[in-house]
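Just below is one structure, and these are the notes that go with it.
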Amino acid sequence: MYIYFCGSIRGGRQDLKIYQRIVKKLQNYGQVLTEHVSHDDISEKGEDATLGGDKAIYERDMEWLAQSDVVVAEVTQPSLGVGYEIGQATAMKKRILCLFRPSSERVLSAMIRGAEGKLGSSVFQVQDYKEEDVEGILENYFGELAKN
Ligand SMILES: O=c1[nH]c(=O)n([C@H]2C[C@H](O)[C@@H](COP(=O)(O)O)O2)cc1CO
């Protein structure tokens, strides 16, 4: 199974440690195409190693998104890129799990919270969680997925 993980980069790297926990757990279920989102060496300036710059990042990520079987997005730290990826994934009719931590005291965008449910044939889920529960939530989600 190919998994596309979305997490904030230029939107701010405050939640990097939780992205690392999520990606580590996701690797039990398939290949995480966007593992780099959880790398310590990517700052909020973004990847700079790519010769083609932002255009190459965009094209690579859109190909990975098209290739993915499931999209998992940590949406607590607001990010234009993550919002864009979720919108594109919805248009591509992907299965999407958005993870949000209410303990942040942020209020999740209505464009994410309000999209929950079945949109076309994309299955869009929003899950509120506490950091310590994240592995269990992913176990349940992928357990259910395996049954379908
Ligand atoms: O360098 C990058 N590499 C990259 O893969 N992305 C993708 C993956 C992330 O899920 C998302 C983050 O968007 P943003 O940088 O706007 O927070 O965009 C985004 C950037 C920088 O915008």
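Think of each number as a place in line: the chain as shown, counted from 1.
Backbone N, Cα and C atoms are what each Cβ position is placed from, and that goes for glycine too.
TrEMBL lists Tyr4, Phe5, Cys6, Gly7, Ser8, Ile9, Arg10, Tyr19, Glu85, Ser109, Ala110, Met111 with the feature substrate binding site.
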Binding-site residues close to ligand 1 - of Tyr4, Ser8, Arg10, Ala110, only those whose C-beta is under 6 Å away: Ser8, Arg10
Whole-number Å value of the largest CA-CA distance among Tyr4, Phe5, Cys6, Gly7, Ser8, Ile9, Arg10, Tyr19, Glu85, Ser109, Ala110, Met111, listed as substrate-binding: 23
Cβ neighbours of Tyr4 (substrate binding site) where a neighbour is any other Cβ within 10 Å: 24
For the binding-site residues Cys6, Ala110, the one whose C-beta sees the most other C-beta atoms within 10 angstroms: Cys6
Assigned element (helix, strand, coil) containing Glu85 (substrate binding site), judged by DSSP: helix
Spatial neighbours of Glu85 (substrate binding site) that are distant in sequence (at least 6 apart) but have CB under 8 A: Tyr4, Cys6, Asp61, Leu65, Val71, Ala73
